[in-house]
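Undergrad: First the structure, then my questions, so here it is.
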Amino acid sequence: MKNKPLAFQIWVVISGILLAISILLLVLFSNTLRDFFTNETYTTIENEQHVLTEYRLPGSIERRYYSEEATAPTTVRSVQHVLLPENEEASSDKDLSILSSSFIHKVYKLADKQEAKKKRYSADVNGEKVFFVIKKGLSVNGQSAMMLSYALDSYRDDLAYTLFKQLLFIIAVVILLSWIPAIWLAKYLSRPLVSFEKHVKRISEQDWDDPVKVDRKDEIGKLGHTIEEMRQKLVQKDETERTLLQNISHDLKTPVMVIRGYTQSIKDGIFPKGDLENTVDVIECEALKLEKKIKDLLYLTKLDYLAKQKVQHDMFSIVEVTEEVIERLKWARKELSWEIDVEEDILMPGDPEQWNKLLENILENQIRYAETKIEISMKQDDRNIVITIKNDGPHIEDEMLSSLYEPFNKGKKGEFGIGLSIVKRILTLHKASISIENDKTGVTYRIAVPK
């Protein structure tokens, strides 16, 4: 059914609900309806009996008044009446062949026990249920008589059948008419969906300039807002990728141009740095820069892949990793002093190789901007391990603080890089956080790692 039009699906659902409710009501109220029709049968018998005994009482006892007779004094032909003498011995049983003598005998026995003037009864006669009312205390031509009024069960069945036909007709009409609200509801629901479909198709073709307009707050509205959110993120991602591509091209082009320029100079017998050795040193330095940038780009791609995978973290010593990185990098500026405050060995869950890269990127920044010293402290409490790294270099511009983690963000010294972007992604993989703040004497990096 899911391949059918929405209007048809809604109509089928509405019709199914209506039909199920109708069947359920018929099942639940079948006994109630049976009792109702039984009572209705007795009421009809009593009404007809009242009309007959009060206004048109026949003058002949033991005469049956058949409902089929055109001259019958009753108004409802399904009800039949018989005048009987109150004393069974006075009954001649004439003209009653259609009623069994055993039934007439039973009627007299019931009448003998009957204290009320009128009472309801039922019995099986010739395999068919009969509802009857006995009314005593009548007088016909000076003779005591009683009126036996009865109706067959088929009368009750006729009432039930008539009501059932009416219910079926009403249900059929309602189900057919439900097609109208189904079509209206389908159009009401599908109109925004069709619009969303067109927008999504255009977005799939990278035509995402036009916003998705949503003027409702229900589930369809939420879907529209989600599509608009997706469109905005795709636009932002597209712009980021273009900017990233431009920055990568610019960042890689500089060392390549230096290497090519110096290489061509050597071929021409010119040594820009005075001699061959110094000139080759420049080429080697630029090649190392180029290699590092390429490695960082590859590492950033690797982190993007790991972000989508479930990675198992092991316990390792963050103190040992930090000391190893410091030992490797501190020779870049021998004049800097290092102050390390670590109370004890600290174990934490994570990937040692990623933390090595993280600390390397942070400390390279510290070394680049520090004036005289770098301070490192590590502490832990019940919930977090806090790593604080501080340098006494110049403050970071306020407008730069919010964009430090963006790839190829241009630093104060005019350098592009992705070091802090790598730091941020590694911390995200470890559910850790970082804050970079200016203080009175320099810049402080504070990392909080949950245990």
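Glycine residues also receive a Cβ, built from the backbone N, Cα and C atoms like all the rest.
What Swiss-Prot records for 1-9, 187-451 is topological domain 'Cytoplasmic', and it gives sequence analysis as the kind of evidence. Here Swiss-Prot flags 10-30, 166-186 as transmembrane segment, drawing on sequence analysis. According to Swiss-Prot, the topological domain 'Extracellular' annotation covers 31-165. For 187-239, the entry in Swiss-Prot reads domain 'HAMP'. The domain 'Histidine kinase' annotation in Swiss-Prot covers 247-451 and is backed by sequence analysis. Here Swiss-Prot flags HIS250 as phosphohistidine, drawing on sequence analysis.
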Undergrad: If we skip the immediate neighbours and take only residues 6+ beyond the ends of the transmembrane segment (10-30), which ones have a Cβ under 8 Å from one of its Cβ atoms?
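TA: Sequence-distant neighbours of the transmembrane segment (10-30): 1, 4, 167, 171, 174-175, 178-179, 181-183, 185-186, 189.
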Undergrad: Taking the Cβ of the residue listed as 'phosphohistidine' as the centre, count every other Cβ atom within 10 Å, in any protein chain shown.
TA: 11
Undergrad: As a quick check of your reading of DSSP, tell me how many residues in the domain 'HAMP' (187-239) are helical, how many are strand and how many are coil.
TA: 39 helix, 0 strand, 14 coil
Undergrad: Through the lens of DSSP with three states only, how would you label HIS250 (phosphohistidine)?
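TA: Going by the DSSP assignment, HIS250 (phosphohistidine) falls within a helical segment, counted as helix.
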